Amino acid sequence: MEALKVWSLTATPLKQLLRLSSSSTRLATTIYGRRSYHLSPALRCASAASSSSSSATTAETSKPSGRNRRSASSSNSTSDREAIRSIRLKKVEELRGQGLEPYAYKWEKSHSANQLQEIYKHLANGEESDNEIDCVSIAGRVVARRAFGKLAFLTLRDDSGTIQLYCEKERLSDDQFEQLKQFIDIGDILGASGSMKRTEKGELSICVNSFSILTKSLLPLPDKYHGLTDIDKRYRQRYVDMIANPEVADVFRRRAKIVSEIRKTVESFGYLEVETPVLQGAAGGAEARPFVTFHNSLGRDLYLRIATELHLKRMLVGGFEKVYEIGRIFRNEGISTRHNPEFTTIEMYEAYSDYHSMMDMAELIVTQCSMAVNGKLTIDYQGTEICLERPWRRETMHNLVKEITGINFSELGEDLGNAKDTVLLALQDVLEPKDKSGIRACSSLGHLLNEIFEVVVEPKLVQPTFVLDYPIEISPLAKPHRGNAGLTERFELFICGREMANAFSELTDPVDQRTRLEEQVRQHNAKRAEAVRESPEPNAKKDDDDDESYEVTLDEDFLTALEYGMPPASGMGLGIDRLVMLLTNSASIRDVIAFPVLKLQQ
């Protein structure tokens, strides 16, 4: 693309900047006094803008930055930023002093950049469209500029892409052309209209007949070549990250497409989207520490939901047969590349089906989404080729543990102590000290099986794999297995060693459900009491973000609902953030959440 070299204020010493500010402002004022009131309103805006802006623009664009120039990380200091901001604020003041508003109310766009690229792709090099018939209007942010002689180029970026503005002195008055060169800063949001042309070098451009500053940017954008590289700052100022790195914004466009495809897929099977409470009287449906708030008017504690499950099941009790919800979940736990305290899931429930139906649905959702955003089913994730072609492997947890570790849990017997010793001996060379502690703390054979699976097997499940038939001790909401005592009809889907989905044949026996939930509460409260005893101070901050010191209560209303009768059903929860990570090749969950939760800035 012609003239894409960005001219940056950070490459200009401040003394030179201030010297240029003084001289160019005097020049611009003279220009404004001679001609400005004869311009159209749009051009008057640009003309008046130049009278107040020549200074900083000249400084910001007088020297092209390049790969061999000093990094903006050193020159774009707080003092430099404040100097830039001060100069740009003076431009704003002068604009308003002339009765012109540098923050427009509206601009009529006729096309997006991408539409223009498509509509006028037929233009040959050097060919121009009919100026009277094909007058177009566009708006976007100035991300690059260059001016020399009787020609100036601006690169404008909108939501769809970029387009070049071709600014000839012959088309604009002498005053207007100088004002264009001197006033417009990189980062400004500009509206422009004109005819279409493909330059001799092949760049499709708008030959500008008129322009207007729509929003005056006060702070400089990151350096073109070094960009916004501070990871923490990228997450804290995601808006700047999106401007500096267009591929970041593309992730969120693809995320939106994935969510849309999920809705389209499940609704094609007759599922109804519903909404359930975010503020709940009891945090149920999962075992996780909730966020707690207090409702002043009601005088009671409320919890941000940790799952949507229990209210969606109430919908089945109420007579709906296929329901789903895409919504935010909140868990007051640790943060990692795979965990954010606020995340998005789809949970769905279908009456008169079992967990085999949900395996088919999980395959369909993921493959449909991959085709929608990637156009293929073989994708790359962080250097590993993932094949999403159906059908996916389906294997029991027992068999996978035996396959990877050689330990057959069916032969360990009922003695928990002996089972722990056998496992620790067999895996002594692969277990970390914390893993051994976790094994010793297991309270049942089911917990022990799951612990070995999570530590040793789970990371090895790279290709899509359904892990079936989880122990009943860790699955309080799942129906008992029809053929294997002590197990449940539950599966989890793993891809790239990460859990993507969790599903059950849902437990509908209200008596069994109460017994299991009461046992879960009893076990948790025992751990909680131990955690409180071990705490040095009652209110001391713990290093472990996932400790057991929070309270768990029964959702009595849910248990009451079950007693009215819930039909046989299957249900599934699928993590949308992790699915987006997979399909956009994003390494961290923070890369797919626009504004992730972060530590307080020091």
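Cβ atoms are placed via backbone N, Cα and C, with glycine included.
Among the candidates Gly284, Gly285, Gly375, Gly483, the one that Swiss-Prot lists alongside Glu309, Glu347, Tyr349, Asn502, Glu506 as binding substrate is Gly285. Cβ neighbour count for Glu499 (Ca(2+) binding site) (all protein chains, 10 Å cutoff from its Cβ): 17.
Rounded to a whole number, the C-alpha distance linking Glu499 (Ca(2+) binding site) with Arg578 (ATP binding site) is 8 angstrom. For Glu347 (substrate binding site), the spatially nearest entry among the binding-site residues Arg331, Glu333, Met500, Arg578 is Met500, judged by CA separation. In sequence order, Ala307, Thr308, Leu310, Leu312, Lys313, Leu477, Ala503, Phe504, Gly571, Met572, Gly573 are the same-chain residues whose CB sits within 8 A of the CB centroid of Gly285, Glu309, Glu347, Tyr349, Asn502, Glu506, the residues recorded for substrate being left out. The Cβ of Asn502 (substrate binding site) has 25 other Cβ atoms within 10 Å, all protein chains considered. Among the residues Arg331, Asn332, Glu333, His339, Asn340, Glu499, Met500, Gly575, Ile576, Asp577, Arg578 said to bind ATP, no two Cα atoms are farther apart than 20 Å.
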